[in-house]
Each structure stands twice: as structure tokens, then as C-alpha cells.
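Participant: Okay, handing you the structure first.
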Amino acid sequence: ACAGLYKKCGKGVNTCCENRPCKCDLAMGNCICKKKFVEFFGG
């Protein structure tokens with residue numbers, strides 16, 4: 001299983017679907033899957 005867009009991801013949790021980047025909010029400490037760079041351009 002992989003983590004969908006804006007779902008929790010990280011070490012020991014899930015890797016992001018479609019090789020999306022897992023970005024962590026330093027203040028909150030939670031990591032979620034963000035859009036790939038190309039997706040912002042309708043890729």
C-alpha cells in the first residue's frame with residue numbers, strides 16, 4: 001500500500017504513491033505526500 005496525495009507518509013508509515021515527495025512540517029512534525037513538481041504544471 002502507498003499513501004495518497006495529502007496523506008500521512010514517512011519512515012515506517014507509508015511511501016507516497018506515484019513517487020510523490022513526502023514533505024514534513026517542521027513545526028507540527030507530521031509528514032504528508034505533496035504534489036510532484038510536474039503536477040503543478042498539469043503534467
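Numbers here mean position along the shown chain, with the first residue as 1.
In case you wondered, yes, glycine gets a Cβ from its N, Cα and C as well.
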Participant: Determine, on the basis of Swiss-Prot, the cysteine among CYS22, CYS24 paired with CYS9 in a disulphide.
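Facilitator: When Swiss-Prot is consulted, CYS9 turns out to be bridged to CYS22.
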Participant: Choose one of CYS2, CYS16: the cysteine that Swiss-Prot connects to CYS33 by a disulfide bond.
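Facilitator: Between CYS33 and one of CYS2, CYS16, Swiss-Prot records a disulfide, namely with CYS16.
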Participant: When you check Swiss-Prot, which of CYS17, CYS24 turns out to share a disulphide bond with CYS31?
Facilitator: CYS24
Participant: When a 10 Å sphere is centred on the Cβ of CYS16 (disulfide bond), how many other Cβ atoms does it contain?
Facilitator: 21
Participant: Using a 10 Å cut-off between Cα atoms, which of these disulfide-bonded residues sit near CYS17 (disulfide bond): CYS24, CYS31, CYS33?
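Facilitator: Candidates kept after distance check: CYS33.
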